[in-house]
Each structure stands twice: as structure tokens, then as C-alpha cells.
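Engineer: Can you read through this structure? Questions will come right after.
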Amino acid sequence: MTAPHPRTTALTTPAPVADAPPVQRTVEVVGARPVDAYVELRLAAPEIAERAQPGQFVAFAVGGETSGLLLRRSIAISTAADGVVTVVVSAAGPGSTWLTQRRPGDTVDVVGPLGRPFPAPPAGARALLVGGGYGAAALVGLAAQLKEAGHEVAAVAGAASADRLCSVQELTELADTLAVTTDDGSSGRRGLVTLAVDELLPGCGVVYACGPMRMLQAVADAATALGVPSYVAVEESMACGIGVCMTCVLPVVGSDGLTRLSRSCTEGPVFGGDRVRFDDVGTLPWDVVGADAMGVTRP
Amino acid sequence: MTAVETAVDMSTALGAVPIPSPVLTASGCSAFGRELEPFVDLTAIGAVVTKSVQLRPRSGRPTPRMAETPSGMLNSIGLQGPGIDGLLDGELPWLAERGARAFVSIAGVRVEDFAELATRLRGVPGVAGLEVNISCPNVESRGEVFACDPVAASDVVAAVRAAADPAQPIYAKLSPDVTDIVSVARAVVDAGADGLSMINTLLGLVIDPDTMKPLLGGITGGLSGPAIRPVALRCVWQVHAALPEVPILGMGGIRSGLDALQFVLAGASAVSVGTAVFNDPSALGRIHAELAAALETRGFASLREAVGYAHR
Ligand SMILES: Cc1cc2nc3c(=O)[nH]c(=O)nc-3n(C[C@H](O)[C@H](O)[C@H](O)COP(=O)(O)O)c2cc1C
Ligand code: FES
């Protein structure tokens, strides 16, 4: 038997749990607006809005009561204010497409707010927010909260092409500086978000990121290399969103230095960027707690 | 639980242990109950059937661990869990403090594993009984699943019955992936099972048309959800017809009170709700209320009267 060995990482502490437990409600859609490649839904959900903290998400039942699609669709909360929760939906499969077809007056069954929020930055720290694709939507509420608390906020929004950018207008209004990058150069600078991140990072006390896994890894690595703590909101496929199915796991280093397959819905979606073992996602490394019982031993 | 009070007596039992509701969680579909607390009164449901526990902590399999399928899903979690020490130190005391009943699902890869788990669980507060998950590969028989071999299945059940607290009923959890489920049921009852949980998932496969490879990390997975309900109901029907005195915890695709009613009419004296909880975290309370209303509408004064009614 091989004993897992602790890894020493010290830049981040695991994100603490949210202040309030989730609720399940049938809520009314009060706004549905196409925004380039996405649809922004506004929900009259006062009990979720009053509990929500930036970084958290909601989980929708899709297809109606007799739907054959049973699994919940988890979507990051963009903003939660005045009793209204806003989310940005990308139509990727039949469930999310059903969501993008909701119209004002329709009702949806939603559970939230779920997951751990972004931890607060150190007092007075300048914060860098990095969003990839519709992941940028999850940073809008955070940007507002940070500005209100007196932090200087720099933001980067990146995507494959201009129509896949998200929340650029909201972030322009909130952030002190905003950089836009696209892979094809159709908006902002041509290239990956890391172009802008490398320039904006020096002087920042914390980085928050939301977007595709490869982008999160690049941003977290850049931050860690400069000794800046980073927090990433991951997007794993989730069946329940509330922590009961164990489908949404990825290898994360805990405060004891040991790696566990952690649930992205209840132990995340926000993790310390230096705690997620991005290269090992989708594999079972030998030094994960309990891998020995699966027959995986030290090479 | 937001149950509208009906006149129907919903009490039932797991073996000789009385429970106030016939609606339970399903193993592996509600973790250890904690996460359901915002949505369900854990003391009002029949019991929390815990995720199958083994002797040592297990990481489970690599992702992807699930695929959505028509009216269901395929999973290959690989029994991720804290091991029996974690359960005894953390999860079971948490449930006991709240007055919730735990029906602890145990799993292993050799007969002695099961017996040791049963020994460790003797007299533990709040443990109403044990569900024996025999849908595990038997390392001593080249990985053949215990539940698919009546002899191996009864070896496990006999060892658990001998080691377990006599006050704790033990239910053997049967797999539908067998030629004759009645013969397995008979074998484990003869070996001392106080009841039968049925059914576990059906073995399935999904291939990703883009990568042209199996989608799940574990290649095959267990199929669950409403897609398997008719198979599950048929199993309950056949076993109740053959062994009418043996209590059955029925499960497989239950999503509503009327689904649960079908299992009761086929012979189940209690039901587990699994995959439907992923869709609706409040499902247990809702299904209890819907089942009570459905029984009342049909003129039953108690749940017990309806058990096996479809056979009469
Ligand atoms: C994600 C998942 C995990 C499961 N884990 C276990 C387990 O640990 N032990 C077990 O005996 N059954 C396990 N099952 C099977 C369920 O307990 C149940 O028998 C089966 O899913 C059929 O019921 P359902 O259609 O209501 O889900 C699992 C099922 C699912 C979907
Ligand atoms: S999505 Fe079910 S445990 Fe995370």
C-alpha cells in the first residue's frame, strides 16, 4: 500500500462554504434576451437573490415535469439584486437549448444558490477578474461587490470570437480597466486571455477566473508563478448540483496537503487556483486519497 | 415533510424495525443525507440508505462518471467514499444526533469484508439495519459479481447475518442482470436475509460519436432512472409472487407517488428513490405525500393493506 504524500501549497486557503443554505423554488422568467451567441435569462427569485453570493450557481430542471431529461443544468449566477437572479445560458445540448427557449411569463424549477462563493480579497488589494466565453458573466456580480468594497478592479474578457464574448458592457461599466481578447481577432486583441493577464497581473493582490478548464489553468499558473493567490470557478459536468451524486469530481489539494477527488458542486465550484491539479483532471493519480483501494499504486 | 395529512396509516417496517414512512433514499443517490437537509425532513422519511461503504476510503473512478440517457442516466462512480472509519466518526453520528434512521449499505470484494463491516456496525446508534450491496466484483472468483451467483451471494449474506447485530435487519440488494432473479432471491433468503432490496442498476454502455470511444471513464456504467422502472417492477412482482412473506424494498425509476404505488401493489413494503432526487431534491417528501393521497383515493386505510394487492 502506498501512502499519499502531502503537497505543500500555501497561496490559497480552500473557499469557505456559503452563508446560507439553498432553496428550491418554481420561479417566473421575467426577462429573456439574446446576447450574441447566448441568452440572458432574468428570474424573479427573491429568496435565491437575497442568499446569493458571487461565484455561486443555480441548478435548473429542464424540459417540464414529464421530461425525459432528468439531470439538473447548473449555471453560474451572473447578478442577483432586487429579487432578480440573472444567468447567461449557452445552448449546448437539448437541456440548455430548452432553457434558452424560455420566455417571460414561463416558470422554471430552480435550486440555489449552490456552491462556495469567491472568498473576499485581502483588504485594499487590487483584483484581476478573468472570464472566458460565457464564464465572464459569473464575474459581473463579483466586480460590483469588489468595487463597492473599495477595491480597484481590472478585468479581462476573452473568447474564441466576438460573438462568444460575454458581459463586456457590464464589465466595462464596473471595472477600472477592461481588456478584451479573441482568438481570431474579431474583437479586441488577437490571442488568448493570458496576453492581457500577463500585463495586468503585476500589482494585483488576487485573481478570480471563470471559464474553460484550459484557460483557468493558464491563468492560475500565471498567478501562482508571481506569488499571487488565484480562485477559479470550474465547470465540471454536474448531475445534481447539490452534492449527492458524486459525478462532478476533480483532483484538488486540501488544506492538509492531500489530494482528494472533490465535488465541484459543494466543495467548489470555486477552488484555489494552486489547489486544482488541472493536468490530472479525468485521471486517477496514485497519490489521491483512496486511489490505493481502486488498485492504483505508486509507479 | 410538507405532507398533507391523510387518514392513511403510512407506517411500515424494515424487517422488524418500524419506520414512519415507506419512502427511503436509494444507496448512492443521497450521499449520507446531509446535503438533503435543506429540502427534506430527514426524520420523517423511512430511512437514509447510505452510499455503499467499504472498509477503506475509496477515491472512486476517474471522470467522466455519468452520461444522460433517455429517461435515465448511466453512472460509474466506483463507490467513492470515506470508508467505515469515516462513516463511524462523521456521518452516522450526524444522522443519529438529528434522530434520522440510517440504513447502512455495505460493500466489499470478499466475504470477510462484508462480515467485518457488519461487525463494526453492531450497536451503532441510529443504524436501523444493513443493506448488503452484492453488486460488487468478487476478487476470489475472478471478479464475478456476487449478486450474479446464488452461491456467492448467499455466502455473503450468511456471513453478514452471523456477524451483524441481531437487532439490525439485513436486506440483500439484488441485481437485475441475472437469468433468474427468483433463484437468487430464494438463495439469499435461505442464507438469512431479512428482506430484499431490488433493483440495483442495469449494466449499460454509451459510446461518444465524436471520439468514437466509450464515454465513461469506467467504460460500462449502471443504468438508472424511469427507463428501468418496468424491469424493476417485473423483478419485484416475480419475487413477491414466489416469496410473499419476504419484505421487499422496491426501487428503480420511482419519480412520483403513482410510480411508488405500482411497486407497493407489486409487493414492495417500502421504496427507495434514487435518480429522481437528482432531478428534484424534494422528491422524497413529495412522493410520500402523493403516495398517501393515491392510497386514500383508492380506499386503502393503510399502506400495509396495499402491499402485493395486484397479485390478489
Ligand atoms: C449515481 C448513482 C450511484 C449509486 N451508488 C450506489 C451504491 O453505492 N450502492 C448501491 O447499492 N446502489 C447504488 N446505486 C443504485 C441505486 O441505489 C438504485 O438501486 C438504482 O439507481 C435504481 O433506482 P433509481 O432508478 O431510483 O435511481 C447508485 C445509483 C446511481 C444513479
Ligand atoms: S453534481 Fe452531484 S455531487 Fe456534484
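Every residue, even glycine, has its Cβ placed from backbone N, Cα and C.
Reproduced below are the annotations present in TrEMBL:
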- A:22-120: domain 'FAD-binding FR-type' (DOMAIN)
- A:Cys240, A:Cys245, A:Cys248, A:Cys265: [2Fe-2S] cluster binding site (BINDING)
Engineer: Same-chain residues six or more away whose CB lies under 8 A from the CB of A:Cys248 ([2Fe-2S] cluster binding site)?
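Structural biologist: Long-range Cβ contacts: A:Glu236, A:Ser237, A:Met238, A:Ala239, A:Arg263, A:Ser264, A:Cys265.
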Engineer: I'd like the number of other C-beta atoms within 10 A of the C-beta of A:Cys245 ([2Fe-2S] cluster binding site), please.
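Structural biologist: Summing over all protein chains shown, A:Cys245 ([2Fe-2S] cluster binding site) has 28 other Cβ atoms within 10 Å.
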Engineer: For the domain 'FAD-binding FR-type' (A:22-120), would you mind checking the mean pLDDT of the predicted model?
Structural biologist: 96
Engineer: Just checking: which of the binding-site residues A:Cys240, A:Cys245, A:Cys248, A:Cys265 have a C-beta under 6 Å from ligand 1?
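Structural biologist: Only A:Cys245 meet the Cβ criterion.
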Engineer: Applying an 8 Å Cβ threshold (strictly under) against chain B, tell me which of the binding-site residues A:Cys240, A:Cys245, A:Cys265 fall inside, in sequence order.
Structural biologist: A:Cys240, A:Cys245
Engineer: If one looks at the chain holding A:Cys240 ([2Fe-2S] cluster binding site), which residues at least 6 apart in sequence have a CB under 8 angstroms from its CB?
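Structural biologist: Long-range Cβ contacts: A:Ala59, A:Leu71, A:Arg72, A:Thr247, A:Cys265.
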Engineer: Neighbour count, 10 Å Cβ-Cβ cut-off, for A:Cys265 ([2Fe-2S] cluster binding site): what number do you get?
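Structural biologist: Step by step: centre on the Cβ of A:Cys265 ([2Fe-2S] cluster binding site), count other Cβ atoms within 10 Å, giving 28.
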Engineer: Mind checking how the domain 'FAD-binding FR-type' (A:22-120) divides into helix, strand and coil residues in DSSP?
Structural biologist: 13 helix, 48 strand, 38 coil
